[in-house]
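Chemist: The transmembrane segment annotation in TrEMBL covers 6-28, 40-59, 71-92, 104-127, 139-159, 171-190, 202-225, 237-259, 265-287.
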Amino acid sequence: METQIFSNYLLPITLALIMLGMGLSLTMRDFRNIFLQPKAVILGLLSQMIILPLFAMLVAQLSGLSDELKVGLVLIAACPGGAVSNLITHLLKGNVALSVSMTTVNSFITIFTIPAIVGIALHYFIGDSKEIALDFWGTLIRVLLITVLPCVVGVIIHQQHKLFAESLEKPLRVIMPISLALMMIGSIFLEKKENAVPITFHEYLTVIIPCLILNLGGMFIGYYIAKAFGLIKKNQITIAVEVGLQNTGLAIFVATSLLENQRMAIPSAVYALFTFFSAAIFGFLVNKEEIMKKPPRKPQAAN
């Protein structure tokens with residue numbers, strides 16, 4: 001069995017370093033404010049855990065896909081965000097502390113909600129009552145090592161060496177997405193995986209439209225729900241990204257390893273190919289007015 005260097009080592013290390021880099025732009029006050037004023041995180045989690053799966057069920061029902069692919073589409077919506085959604089929030093100048101908080105909390109909650117949501121989809125679309133269970137301790141360790149601890153280290157460095165942390169902010173905005181893209185390219189194209197999901201061109205064309213609707217629809221649903229409840233623009237963008245971008249690696253694992261059905265992983269494999277680009281388009285659309293205005297730069301006042 002070949003060692004999957006990119007998937008097993010380089011990609012997780014890169015994600016952890018990205019979280020450390022984002023932590024360099026945060027303070028403990030940022031996280032404290034999230035939980036002192038929990039409206040945004042509660043609204044975001046409810047949108048992610050309840051509204052998105054319901055939307056996915058609707059898209060799946062209307063999609064005309066096979067029953068297995070419909071379950072696979074709902075499976076995407078059942079999964080939490082991840083370091084990629086945190087990075088995109090950072091690049092779109094959203095509320096990174098809110099994004100990291102939502103990812104962390106939802107990663108633990110979905111240990112229980114993924115089996116429930118997938119069970120409902122299996123029963124509704126296939127008539128199957130198969131039960132699945134996620135590894136609690138494995139999930140805990142993975143979230144701590146890849147998301148929480150690196151981010152906390154970054155926050156501590158920012159607190160102790162503020163000028164150093166601030167000097168890294170601009171170069172990291174370029175380095176982080178490029179390094180992530182390289183690792184994902186290596187993982188997808190340079191490794192031979194035993195559990196690789198076989199996708200024909202016809203299946204790709206069949207699945208891509210429902211996946212795009214789920215992705216873009218999820219982002220705009222999250223954005224306008226946050227807007228309707230009077231959240232500030234940064235939080236609107238953050239909730240949109242967290243609702244619209246899911247952890248496809250986890251979805252593929254659930255489909256191939258727990259459900260033992262590679263066809264159910266096809267929507268996740270297709271979904272993963274375009275989410276970075278669709279998020280960039282979304283960011284342009286919601287910030288279109290600010291981008292077109294291009295106000296003159298003003299000298300920053302000392303704080």
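Just so you know, the numbers here start at 1 and follow the chain as drawn.
Just so it is clear, glycine is given a Cβ too, placed from its N, Cα and C backbone atoms.
In TrEMBL, annotation is done automatically, which means it is predicted and not curated.
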Chemist: State, in range form, which of 104-127, 139-159, 202-225 has the highest count of Cβ pairs under 8 Å to the transmembrane segment (40-59).
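Modeler: Checked against 104-127, 139-159, 202-225; highest Cβ contact count belongs to 202-225.
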Chemist: Does the transmembrane segment (104-127) make contact with the transmembrane segment (6-28) through 3 or more Cβ pairs under 8 Å, each pair 6 or more apart in sequence?
Modeler: no
Chemist: Same chain, outside the transmembrane segment (237-259) by at least 6, Cβ under 8 Å from its Cβ: which residues?
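Modeler: Non-local partners: 40, 43-44, 47-48, 51-52, 71-72, 75-82, 84-85, 88-89, 92-96, 98-99, 102-103, 106, 114, 118, 130, 132-134, 195, 197, 215-223, 225-226, 231, 265, 268-269, 271-272, 275, 278-279, 282-283, 286-287.
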Chemist: Taking the transmembrane segment (139-159) as the reference, which of 6-28, 171-190, 202-225 gives the largest number of Cβ pairs under 8 angstroms?
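Modeler: Most Cβ pairs under 8 Å with the transmembrane segment (139-159) come from 6-28.
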